[in-house]
2 protein chains.
Amino acid sequence: MTDLEISQKAKLEKINVIAEKIGLTEDDYEQYGKYKAKVNLDVLERNADKKDGKLILVTAITPTPPGEGKSTVTVGLTQALNKFGYKSIAALREPSLGPVFGMKGGATGGGMSQVVPMEEINLHFTGDLHAISAAHNLISTCIDNHINHGNELDIDVNNITWKRVLDMNDRALRNIVIGLGGKINGIPRESSFQITVASEIMAIFCLAESITDLKNRIGEIVFGYNRKGEILKVKQLNVQGAAASLLKEAIKPNLVQTLENTPVFIHGGPFANIAHGCNSVLATKTALKLSDYVVTEAGFGADLGAEKFLDIKARKANLEPNVIVLVATVRALKHHGSNMDGNKDSIETLKKGMTNLEKHIENMQKYNVPLVVAINKFVTDTDEEIEEITKFCNKKGVEAALCEIWEKGGEGGKELVEKVMDAIEKNEKSKVKFSPLYDEKLPIKEKIEIICREIYGADGVKFMPKALNNIKKYTENGYDKLPICISKTQKSLSDNSNLLGRPEGFEVTINEVRLSAGAGFLVAMAGEIIDMPGLPKKTSAELIDIDDNGVITGLF
Amino acid sequence: MTDLEISQKAKLEKINVIAEKIGLTEDDYEQYGKYKAKVNLDVLERNADKKDGKLILVTAITPTPPGEGKSTVTVGLTQALNKFGYKSIAALREPSLGPVFGMKGGATGGGMSQVVPMEEINLHFTGDLHAISAAHNLISTCIDNHINHGNELDIDVNNITWKRVLDMNDRALRNIVIGLGGKINGIPRESSFQITVASEIMAIFCLAESITDLKNRIGEIVFGYNRKGEILKVKQLNVQGAAASLLKEAIKPNLVQTLENTPVFIHGGPFANIAHGCNSVLATKTALKLSDYVVTEAGFGADLGAEKFLDIKARKANLEPNVIVLVATVRALKHHGSNMDGNKDSIETLKKGMTNLEKHIENMQKYNVPLVVAINKFVTDTDEEIEEITKFCNKKGVEAALCEIWEKGGEGGKELVEKVMDAIEKNEKSKVKFSPLYDEKLPIKEKIEIICREIYGADGVKFMPKALNNIKKYTENGYDKLPICISKTQKSLSDNSNLLGRPEGFEVTINEVRLSAGAGFLVAMAGEIIDMPGLPKKTSAELIDIDDNGVITGLF
């Protein structure tokens, strides 16, 4: 059975039943169909004095292109926690249509560990990504409209950093010229579209703590420069109120359920390279008030998603992760051991690949948060392979748990639950407290260097002239105290996607630094990072169909 | 009080109460928040044998730029019908963000005749327009992706008629060059964005009678030509299933309420120039099954919206309008009488402008549907002015009713209800049956000529070479039996926006004919019609704000 077929056979509970399980009354949420709801923001306010639940962060080793099942483990773990007597909510990101129609498919887990209704969450859900696109493009439109009607702000058309967005893998929109066809059709200039999940509005949406915070952050966005080289903010266009109004409903966290009828928040979904890669602060915080254990996920490998979760989201939102679950698979470790010269399917290849896991373990240990490795079992994995990984982890002082949640759902996460609970308990006693990797008050270059050396294992960082100029400008304008969001390949710990395992003896090259003043971080561009993916020759879109009863097939 | 303030003070009933009023059970709809719902398509199927209610079409004389209150009269009339004992549902179009942030503002009526929640309907609603944009842009992306991956279909990059869409007045996207930056970023070509309401997907969405019909129509869309000049259809890209899947929820009609808690469907909203300008067939048909009187509206003046409603929508969907309500205002009649040389505020100007009303009355009488003129009263109108219009209508054999629904809500529509009921009753007895203006089997040129002569009052039609080529090509490909959708200015009965009143002695120029093979009509372009509007210097967006409780202000 495909994931979609499993999900369509699931016995869903009505969303009001799910809401009731976490103590919500009818006035606390808005139903969106029978199986989706949006939870009102005052639930968080009203529970302000209530003690937070424990926060479990799920991350992974450097992934292969199809991913290592981080979402599946996140969903499986929350199912397992509930099954074994611990009240738990999962907090996930919303899927983007780009991957849905591209190579990767949906983002609601897999096998017996899925969030449902799968097709609705993947295809339209409650329209949040669309609302974010509209808010983003309203600003874009108003920039060109301002230029067209006299350009009072003296916007430099060659120095507008704000693009347009679409939630689609549309390669042909990466480099465009707009405003052609004479004066009444705008002013010609080069521009670009990003995918919506790369929008700064998405990052802001996921870091905002209230509607007013959302609006103020949108106002603080730097969209470009005037011809004197001075920064220009969205509030100078005076459309932050309209942009925030477009997000009035979207900003409320979405409540859905797993195949085992346990509650899940799915809300916001910024890219894990150009942005910080985790669901909204509002969803995480609301979930922490409504349950004892919140399982959340950060995008790509731990060098990208977890680092940003810990150094940006957790720091900014004052969150304290109680345990980190690092997902590893035999497939990915072999990939790292093969060093790309074929798929050597041997225990030796696996052992060689273990260096990647090793580095991620060491990285996570730098944050003073206890760690458990979750071995996400594929049906082809042998006992010997699993044992090899377990032994390796134990040697590094870390517990490893075999996860059969893809095959068995929550039941398959028994060992993981036990080891996660042990780790939390031990940590409670030890009084070692989570701390971010670097002090955000350090100079920009220094912060970038710390991440590259400590997390990626680089010997050093090479700053290109453009990056140095950017850094100078941001420092002059008082934007130097922001945390760093490094945008680099997810395929390697380094900035070179060909370097598998645990690369050493390399330098990271920073080409450019971008300012996300509304989100509150600086994006350091390590290599060519595409903020608008493309589709493969054979798209997933061609497999998808719908019948007259609205039943969808072919989505994965 | 502004419209928004009135709407925010309204005592709304929960949407399940509204649904119950029209005989729906909980399984018949999906709630979207407390005051919005989507009605399942099986409601229509289940009631297939039930007799339809009466259909009331609201249209208007040639409008001034802010509009003559067609939506307000539509909402007021449905309120009035319910107040005076007739079960009625209104069926309206969904607002587009373009006008909301531009000059015109929202589209939910005004004063005491509004649909609520006003801000939600105008700003995000249930995300239908976004879903339509996504379905449209999926096709666009797949076209360029196909070219990029080898172009097996031999698509002629200079002859792709399918554009991209955004729901925004974004002038700078009217003429663009895409695919720049080298091979991995696509193939360079000229292209364009339309506003979403101008998308053929929107037109299809509003004409489809089921999900399968929707999917098949999307497959039939002609997106361009190969280098031999042969037509290319979306089904050759095989993404009609995915595009229809994106519309799975959107295709269900949205249920909301008026200020007086009467039911309203708001669903679909195609442009009334480049498309047919009325809400979805599914909403209209479902409403006809659930109530005795359905009040619906067609965009712009009767020469555009009503003509298309009658010759395209009613014909295709087998609908029989029982009465037409033609909205006139003193303001618009004076505008037509002033012939643009200042706003002469006299009874003479009003009398001179009456020629516009006269022509619209004559036009509507050609369809064998009884007609009532609704004088939408503004507070500045005098008794003398109202009497003048009434006398004029009576001389033309038509009843006129004074409408005070803006000021008084349903109560102000008493006279209109009486005259509408009289007209329906008289018509029932007379057995005169509605018939479209032309036979759709006539040659393309002839059909265009009939509309231009009969409805616009033109002496003839001038077909430019491009239009003649188009007609030849469509005829060769068997697309000549489709009805015609003329795209022309809404500001005049002619194709010249400066000609007010009842223009005579003019020719209509057809520059181009476009094929909407999925929607099932041919668009004849009379003059320069913009399918992507622009924003004014002072946008409405700048007035809009939101506070920490999510209360929006400044929307109109």
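Glycine too: its Cβ is placed from the backbone N, Cα and C atoms.
What TrEMBL records for this protein:
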- A:T64, A:P65, A:P66, A:G67, A:E68, A:G69, A:K70, A:S71: ATP binding site (BINDING)
For the binding-site residues A:T64, A:S71, the largest set of other C-beta atoms within 10 Å encircles the C-beta of A:S71
If you tally other C-beta atoms within 10 angstroms for each of the binding-site residues A:P65, A:P66, A:G67, A:K70, the top scorer is A:K70
For ATP, residues beyond A:T64, A:P65, A:P66, A:G67, A:E68, A:G69, A:K70, A:S71 with C-beta within 8 angstroms of the site's Cβ centre include exactly A:A60, A:P63, A:T329, A:A332
In the three-state DSSP scheme, A:S71 (ATP binding site) belongs to helix
A:E68 (ATP binding site), Cβ-centred 10 Å count of other Cβ atoms over all protein chains shown, is 24
Long-range Cβ list for A:G69 (ATP binding site), cut-off under 8 Å, min separation 6+ in sequence, same chain only, gives A:G110, A:V327, A:T329, A:N376, A:W406
